[in-house]
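Record features, source TrEMBL:
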type	residues	note
ACT_SITE	Glu138	active site, proton donor
ACT_SITE	Asp279	active site
ACT_SITE	Glu372	active site, proton donor
ACT_SITE	Glu393	active site
BINDING	Thr496	Ca(2+) binding site
Amino acid sequence: PGERPVNQTVPGRAVQRRQPKSMLGILYTACFSIVIGAGGHNAKGKEIQAEEMAQYRERVKDMFYHAYNNYLENAFPYDELRPLTCDGQDTWGSFSLTLIDALDTLLVLGNVTEFQRVYHVLQGGMNFDIDVNASVFETNIRVVGGLLSAHLLSKEGGIKVESGWPCSGPLLRLAEEAARTLLPAFQTPTGMPYGTVNLMNGVNLSETPVTCTAGIGTFILEFATLSRLTGDPVFEDVARKALDALWDSRSDIGLVGNHIDVVTSKWVAQDAGIGAGIDSYFEYLVKGAILLQDEGLMSSFLEYDKVIKNYTKFEDWYVWVQMYKGTISMPVFQSLEAFWPGLQSLIGDINNAMKTFHNYYQVWKQYGGLPEFYSIPQGSAVDKREGYPLRPELVESAMYLYRATGDPTLLELGRDVIEAIEKISRVDCGFATVRDLRDHKLDNRMESFFLAETVKYLYLLFDPDNFLHNDGTTFHTVTTPYGECVLGAGGYLFNTEAHPIDPAALHCCSQHKEDRWEVEGLMQGFRASQYMRMGLSAAGASEQYHQYSKKMRTAQDGKTINKQTNKKRVPILSCPSQHFSSKLAVLGQVFTDHS
């Protein structure tokens, strides 16, 4: 419905087109949950659902364009659309936030033309030197994360990239500029950042020192990516220092609370759980471990996982407890906690993930959405917490678990989400937040994460052949000042705003010889196999490759590397040997099991 011809262009509008036993074992599972998890699909479920899946993809596209086009027509350049009054508002800092958040979703849906248009709009029209107080957390995950993702996907989106990409590029420079405005927030005695910063003037003198745990521990993906691409270690350094400070602030029983004073390290809110205020801290320990192949980050998460199960888990629900005593403080399920089964899938804990997912799915069936707070003992939404702002977390978990299991129940959740959002939230100018799931009253807001996350995860759930699900069978190579680099082979990691990062890109701009040797070894095997298929002998193929390699090195001779760091290099972790294409898919490195 409402589809336009493929070749029609409307200015300013989008055109629619049709349990592991060891840490290394866990990282092996994590690698392959992301890269080749689709291999575990249930053939029967896939066969039954194939036709319907195509129909649901089209419905998700229609949802996206109904929301996106209304944002462009009624709200741009404001941050968000107000769908009940058909106008816009700034919410997180006056960044045209919905445009940034939706950019990589356009590419996921296959709309290269609109991706390119918006890419160039952002390239020439963003300014972060403004007198605006902005959330450090939200600016990082939405703006920095969105710009980094679009930068790394620009070649996939048909952008003519500049020489040196992905180690340079206009959106990378914008992401770096945005991140630098956030750095003053990290200038505290503990290294834990303030929650708000003025983009022009730094931290206000009256700024509260109390910050939530997630607002401290949700930087390593974006900031490490920035450091590895630009060669400036400051971003990764401050993110790691903040993580270290949180780890050192745990209670004697190993839990962290909800809010902490970043000047004194004293806990202000002492409720411990996996939901609001803490959630993405745990998420970034796992994803940071995978992205950076960092045993320390994974070890930290596994320690938390033990105490979380010990103190907060009851019959596949997770409750809130007092961080020092472990006694229950809030027997509630929060909608933000629905990310947890997806995170469990990344460490291979599929059985527990599915059990918890089914609990959350039952709440969805009860209301047609997840209320912000749900009382587990009473089996009902908590008073004044009955809203549903079209959050993505349950769909996110369904997408991960479907990639891992192929269980058709997970597609049923996707179907239910589409039906409910269409029925309850759709209005003339977009999709509105549900103020109360009991009577379906609406609020005049459409958060940017609806297009960045909810729609994207829905589409990926129903699109098993999407390029983001690449299993390593396709890829492309680029030449950087640091050597030949493999990109687009899969293994994408989503930040907490669902902006995908290609892990292999972090090795494109590296000065570490070990990284270069491993990638060059892979490429030697690949090129040699190509030459042998052309009829050359093994010796001739090897000689041909060495001539090619020598030519590449000569072309790069004299170029210097700016990247400087005093940090001890984290050892690269290992995964068991795989066939060639899968080796390329996992961070572009050779993995052998030395454990």
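The backbone N, Cα and C atoms fix where each Cβ goes, glycine too.
Computed from a predicted structure; not experimentally measured.
Of the recorded residues, Glu138 (active site, proton donor) and Thr496 (Ca(2+) binding site) place their C-alpha atoms 10 Å from one another. In this view, Glu138 (active site, proton donor) is surrounded by 21 other Cβ atoms within 10 Å of its Cβ, with every protein chain counted. On the backbone, the CA of Asp279 (active site) and the CA of Glu393 (active site) stand 11 Å apart. Cβ crowding, taken as the number of other Cβ atoms within 10 Å, peaks at Glu393 among the active-site residues Glu372, Glu393.
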